[in-house]
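Copied over from Swiss-Prot:
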- HIS81: active site, charge relay system (ACT_SITE)
- ASP125: active site, charge relay system (ACT_SITE)
- SER221: active site, charge relay system (ACT_SITE)
- CYS66-CYS82: disulfide bond (DISULFID)
- CYS190-CYS206: disulfide bond (DISULFID)
- CYS217-CYS241: disulfide bond (DISULFID)
- 40-265: domain 'Peptidase S1' (DOMAIN)
- 1-18: signal peptide (SIGNAL)
- ASP215: site 'Required for specificity' (SITE)
Amino acid sequence: MTRIILILTATFFACALGASTGGSHPLRPWWNALRSSGRIVGGFEVPVEEVPFQVSLSGVGSSHFCGGSLLSERWVMTAGHCAASGQTNLQVRIGSSQHASGGQLIKVKKVNRHPKYDEVTTDYDFALLELEETVTFSDSCAPVKLPQKDAPVNEGTCLQVSGWGNTQNPSESSEVLRAAYVPAVSQKECHKAYLSFGGVTDRMVCAGFKEGGKDSCQGDSGGPLVHDNTLVGVVSWGYGCAQAGYPGVYARVASVRDWVKEVSGL
């Protein structure tokens, strides 16, 4: 119980202290300024045992390019822009703090991208990956909880994002799993911030500090945004990485619970 209290206290202060502590797109002319494939900026190294649902997605015989979240023994959720329906030769690594070694390496049997995924607006940025083999659960490999349908994310809620992406700091390796705490931003505030880019939809949730400094970045896309071991969002897009005035934008998992159940039974 003491450890739980200490972790919760540390989490609160991580969000309260804020930033002081610490690919091209053919249909969007401004896509290079935005990052559609998430990395943790301003975060800290984290053992996979603290985020045992974290998944690394790669092509068979190639390197990590997106993150994901383990939902069950056979299902992983990632971003729609990370994997297209019908795509083959994908694999996931689960249960390792390194994206290139350790843990369980399992091939993807089938990619189910959300049928309403929009490449222009990045709306419905979800994909469910069915695995060829059953995952063996352990301290370093366990599923994340799914939220209730349309569950709200209250402004200021302290959320954790994790992945192996670009840290924007040459002294910090992105080979090792990293995480950062970021507060949820109101839908109204986020929509206003991104109005010149078309705004955000009800399938999106935003998180980050007004002053910037902590965020996901290139390479983290598809990875988890969690609160209380529940998958709140999927790393999706944003303007730059950890830019002041531009919170990270995540695909809101609670908005597609019916689809998740229809496809995976979860």
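Cβ coordinates are placed from backbone N, Cα and C, and glycine is handled just like the others.
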So of CYS66, CYS190, CYS206, which of the disulfide-bonded residues has the fewest other Cβ atoms within 10 Å around its own Cβ?
CYS190
Measuring Cα to Cα, how far is ASP125 (active site, charge relay system) from HIS81 (active site, charge relay system) in Å?
6
Cβ neighbour count (within 10 Å, all chains shown) around CYS82 (disulfide bond):
28
Number of other Cβ atoms within 10 Å of the Cβ of HIS81 (active site, charge relay system) across all protein chains:
23
Between CYS190 (disulfide bond) and CYS66 (disulfide bond), how many Å separate their Cα atoms?
24
SER221 (active site, charge relay system) versus recorded positions CYS66, HIS81, CYS82, CYS206 - nearest by Cα:
CYS66
Please compute the mean pLDDT of the model over the domain 'Peptidase S1' (40-265).
90
Counting across all protein chains present, how many other Cβ atoms fall within 10 Å of the Cβ of ASP125 (active site, charge relay system)?
32
